[in-house]
Amino acid sequence: MEKIISDWKEKVMHKKERIEWVDMAKALAILGMIAGHELNSEGFLASLIYCFHMPIFFILSGYTSRPVTTWAAWGKKFWKSFKKIYLLAVIVLLVQMVLANIVGHGDWAQLSQSFLRNWYWASNNNQVASVGVMWFLFAFFYGILVYDGVGVLVSNYRYAGLVYLALSALGMAIAFKVWLPQDLDLALVIPFFMWFGRWLRESHFIGSKLARYVLVISTVIWILAGQQRFHIEISIRHYPGFFLSVLVALLSSLVIIYVSRGILCLPYGSKLLVFGRHTLLLMCIHSLDLYWTWWGVWVNGPWKLILRVALDLMIFTLILGFRQLWQRKIK
């Protein structure tokens, strides 16, 4: 009986640890995203961030999500993702454009047309039609549908990995010729990252002896990639070296996962977990802070980074504070 209780406690603690390091990795990724947007895109630090800061979200999603094995379950997941991810992206895009019109004295008569064009492309490129950070949610929504759909059709996750790999190659090849509306070409690339996350879980790779050696190699490759400005940028379909950039993204994400586990061992490291538990909120704040359409043009140099990070985190803190007060009032 004592052994059973001991094993149960070990499993519970392990589960809690896994959740915490996932939240920590998300926190580092979302904070890296905010900071990375204000760094010199050609700089070493920005390149290090770009190597992992979006792919790791997909990887962690694959690590934590449950396998979908039936079309009925796929339908339930579709509806849940539609409400939580897709509708959120549409609402934030609309609010973003309304705010931009207000501060920029835009043409209200053209707002609906501009909104439909931006929504149709869901792109992060001003030359096409930019939705800003919200490209991530549009692409993620469709990526989840593809990932789970293949999971229903191919029950063996190892064989499914080959399908995801082929779809990823197809998505990148399409993007070299044309960008598809609604980020549908990205929806083919994303599932392979999600599958890698599942592989990490199924293989128990994290924490294994082999992982220690891979971690050293991954760190070296990540630093070298940063020095050479060799990084993937999914939103603008930048895949240098084709699958080589994907490999760099996987290895650099692995480093961040271990860094996250290390931070949790620090005395106050767990304070960062709040950012990882509310990444969607922080992403929406970052999208709606009016930096690009208003006050960003007045700030230069390193102040851009300091002020934007400070502003986004201040709004984030206020919203969570008001929510806690409201919850106490209801109780």
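Yeah, the Cβs are placed from backbone N, Cα and C, and that goes for glycine too.
What TrEMBL says about this protein:
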| type | residues | note |
| --- | --- | --- |
| DOMAIN | 20-310 | domain 'Acyltransferase 3' |
| TRANSMEM | 43-64 | transmembrane segment |
| TRANSMEM | 85-108 | transmembrane segment |
| TRANSMEM | 128-147 | transmembrane segment |
| TRANSMEM | 159-180 | transmembrane segment |
| TRANSMEM | 186-201 | transmembrane segment |
| TRANSMEM | 213-230 | transmembrane segment |
| TRANSMEM | 242-260 | transmembrane segment |
| TRANSMEM | 272-293 | transmembrane segment |
| TRANSMEM | 305-326 | transmembrane segment |
Surrounding residues of the transmembrane segment (213-230) on its own chain - C-beta under 8 Å, 6+ positions past either end: 42, 44-45, 47-48, 51-52, 240-241, 244-245, 248, 251-252, 254-255, 258
Region pair the transmembrane segment (159-180) / the transmembrane segment (85-108), three or more CB pairs under 8 Å: no
Candidate ranges 43-64, 85-108, 242-260, 305-326 - greatest C-beta contact count to the transmembrane segment (272-293) (under 8 angstroms): 305-326
Cβ contacts under 8 Å made by the transmembrane segment (242-260) with residues that lie 6+ beyond its boundaries: 21-22, 24-25, 27-29, 48, 51-52, 55-56, 59, 168-169, 172, 192-193, 196, 206, 211, 214-215, 217-219, 221-222, 225, 230-232
